[in-house]
Amino acid sequence: MENEDGYMTLSFKNRCKSKQKSKDFSLYPQYYCLLLIFGCIVILIFIMTGIDLKFWHKKMDFSQNVNVSSLSGHNYLCPNDWLLNEGKCYWFSTSFKTWKESQRDCTQLQAHLLVIQNLDELEFIQNSLKPGHFGWIGLYVTFQGNLWMWIDEHFLVPELFSVIGPTDDRSCAVITGNWVYSEDCSSTFKGICQRDAILTHNGTSGV
């Protein structure tokens with residue numbers, strides 16, 4: 001009986017240990033699932049934080065150190081180092097380049113050389129130019145008829161201003177604080193870029 005009892009006791013203990021070990025292993029899948037879920041949550045938080053920081057960085061690029069103008073209940077924003085006026089942004093280059101090179105630089109900034117629409121805009125640009133400084137604008141002479149044309153393919157309205165100097169099919173226009181002059185397009189001057197301002201309404205970007 002002792003051997004039999006001893007055998008039964010040992011067998012019972014082994015069965016208990018086996019059940020306990022099996023129970024312990026059965027908890028591992030749940031543990032790993034919880035760990036996986038927690039890891040996914042942490043990764044998601046990092047991703048959302050990165051998106052949020054990127055959004056605010058982009059927003060700061062257009063809102064920090066710039067003027068904000070309100071027109072008809074809307075706000076207009078320009079990138080850093082651009083001037084804001086009547087829903088448009090203006091950038092005055094610091095590099096001397098040809099007319100075509102200046103236009104190419106403006107295009108890379110998602111803009112174009114200045115196109116003056118009215119006398120108010122003309123006055124704003126001339127007041128913004130430093131004394132003695134010249135700037136390329138988006139005005140050139142056509143190959144036919146020696147007519148002045150803007151880069152948006154509209155002809156210059158004589159009532160807006162007159163271009164001073166001789167003209168030919170290689171002429172482009174530069175502006176100063178007082179006048180607009182005809183110059184050879186291969187000459188080098190600083191360019192004036194123009195683009196539409198970013199429209200916002202009630203603090204929400206329109207783009």
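Any Cβ shown, glycine's included, is placed from N, Cα and C.
Positions annotated as topological domain 'Cytoplasmic' by Swiss-Prot, on the basis of sequence analysis: 1-30. Annotation comment: Swiss-Prot describes 31-51 as transmembrane segment, evidence class sequence analysis. Per Swiss-Prot, topological domain 'Extracellular' is recorded for 52-207. What Swiss-Prot records for Asn67, Asn202 is N-linked glycosylation site, and it gives sequence analysis as the kind of evidence. According to Swiss-Prot, the feature disulfide bond maps to Cys78-Cys89, Cys106-Cys193, Cys172-Cys185. As annotated by Swiss-Prot, domain 'C-type lectin' applies to 85-194, with the evidence given as sequence analysis.
On the structure: features taken from Swiss-Prot.
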residue : record         : Cβ within 10 Å
Cys78   : disulfide bond : 24
Cys89   : disulfide bond : 24
Cys106  : disulfide bond : 23
Cys172  : disulfide bond : 27
Cys185  : disulfide bond : 18
Cys193  : disulfide bond : 25
Can you tell me which of the disulfide-bonded residues Cys106, Cys172, Cys185, Cys193 is spatially closest to Cys89 (disulfide bond)? Compare CA atoms only.
Cys193
Rounded inter-Cα distance in Å - Cys78 (disulfide bond), Cys193 (disulfide bond):
12
DSSP secondary structure for Cys106 (disulfide bond), reduced to helix/strand/coil, please.
helix
Using DSSP, what is the helix/strand/coil residue split across the domain 'C-type lectin' (85-194)?
20 helix, 38 strand, 52 coil
May I ask for the distance between Cys185 (disulfide bond) and Cys106 (disulfide bond), taken between their Cα atoms and rounded to an integer number of Å?
16
On the 0 to 100 pLDDT scale, where does the topological domain 'Extracellular' (52-207) sit on average?
86
